[in-house]
Amino acid sequence: RVLGGGSAINAGFYSHAEPEFVRDAGWDEDLVRRSYDWVESKVAFEPQVKQWQSAVRDALVEIGVLPYNGFTYNHVDGTKIGGTIFDDQGHRHTAADLLEYANPLTVKVYLHATVSRILFTNKGRQWPKPRAYGVVFEDALGIRKRAFLRPNPQNEVILTAGALGSPQLMMLSGIGPALHLKSHGIHVVLDQPNVGQGMADNPMNLLYVPSPVPVEISLIQVVGIPSNQNTYIETASGLSFAYSWAQGFARDYVTFFNQSGKPSSLTAETMARAIDTVHAYAANTSLKGGVILEKVRGPLSSGDLKLRSRSPRDNPAVTFNYFKDPQDLRGCVEGMRSIINLINAPSFARLRYAHLPVQALVDLMLNLPVNLRPRHVSSSISLEQFCIDTVMTIWHYHGGCQVGKVVDQDYRVVGVDGLRVIDGSTFLKSPGTNPQATVMMLGRYMGTRILQGRPPVNWRRLQGRFPASWRRRPWLSHIPRKNMQGGEKIKP
């Protein structure tokens, strides 16, 4: 719902997919490399690494996340500095910047336009399969309009509404599980039960670490990619919790610190000093800190997406089934152990309170409203339960229109003509540590592939291949025409 999509609101980290992701997708590796380069020349930069990010980098190396690879866009095991879409002036560059490559005479961008459905021809003798030939959308004033493809079998509707929007729009257009569509009164164009299936989001868990010294504001720059774990470690700094959260934690510190029902392993003196530190933190809202997070690779757990209504403006109902697969939960536990080791590493010592033990940070997270899940007494002493109780989204949604299930290897929707889906909804798993570089690369990659596959067009011969009714359509002669609700019909 913003020009530039998710790249306009994310943490800015830019990093390639792992090599095996590219091979599993069956992509041309040379074209992938050139497509990444095409994106990077407009939107990607080397970040300025300051004290918080440097401390986390050094601590990752110290706890054995090796080798240290320096700055690279590539996905490589070990510790590295990745790219960023923020330039050295702090200005964000998004996927919308890639429009700088476009020919303004041949590309039109309609802002504040919400597509409500894709239009399909009826299956029959002329068209053995339903064929996409246009879309219905509403403009900024809420006026419904239609945009049509010119009658050329090479022309297509390309759907890039993201992992939530694309399966939703497919269903609104009549492609999806027939019973579900009929329950919303939607005409079924194609019974495709896999639309909306395989929805996944990499679970994220983190610890907030208040710092005794001011730290820079930084988003994701450093990443740890342990070769022997099913998780990634990332960090951001310059964040402060709401005053009321810190106050609540200080008030209930003793209760939350030891929920095991057993005597505390900490001495009374250590606990008293920790309580004093937390009280001081609650009283001083200027104190800063950072978060250290882990993201589970893959993941293996998945769920589904269903419509709530026939309105494209209503969010669909989505279930991700975090940690349904035990391997994902094991990955979270591995990642949390790495975070704990990192916080205890000597390289990180000056950026944390010496008298605030990691256990207090664990209990702090359990006292914060990071989700709507209930808290269990065992969460304080069990990393498995901690992961379940404090899981958050990292917004790396994928699935819903997956390759091999809804679209083919060329991203054409199976069962209809004239429609492709090219976005994160086609992924079987999330690429690399962060998907945005690969999503943008895929747009360039498939645009190039589509153009390479098109033969030269003989427009005179082409006209005779379409029914007379199509040749008489007003969009061929560019004659404006009133639409369903009195607005003007636009020329695509």
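Cβ atoms here come from the backbone N, Cα and C positions, even for glycine.
In TrEMBL this protein carries:
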- VAL2, VAL115, TRP395, HIS396, GLY424, PRO435, GLN436: FAD binding site (BINDING)
- CYS332-CYS387: disulfide bond (DISULFID)
- 162-176: domain 'Glucose-methanol-choline oxidoreductase N-terminal' (DOMAIN)
*By DSSP, what is the split of the domain 'Glucose-methanol-choline oxidoreductase N-terminal' (162-176) into helix, strand and coil residues?*
11 helix, 2 strand, 2 coil
*Averaged across the domain 'Glucose-methanol-choline oxidoreductase N-terminal' (162-176), what pLDDT does the model get? Just tell me the whole number, please.*
98
*Taking only the binding-site residues VAL2, VAL115, HIS396, GLY424, GLN436, which one has a CA atom nearest to the CA atom of CYS387 (disulfide bond)?*
HIS396
*CYS332 (disulfide bond) and GLY424 (FAD binding site), distance between Cα atoms, whole Å*: 23
*Can you count the other CB atoms that lie within 10 A of the CB of TRP395 (FAD binding site)?*
15
_Listed binding-site residues among VAL2, VAL115, HIS396, PRO435, GLN436 whose Cα sits within 10 Å of CYS332 (disulfide bond)_ = none
*Lowest local Cβ density (other Cβ within 10 Å) among recorded positions: VAL2, VAL115, CYS332*: VAL2
*Across the record's FAD-binding residues VAL2, VAL115, TRP395, HIS396, GLY424, PRO435, GLN436, the largest CA-CA distance in angstrom?*
25
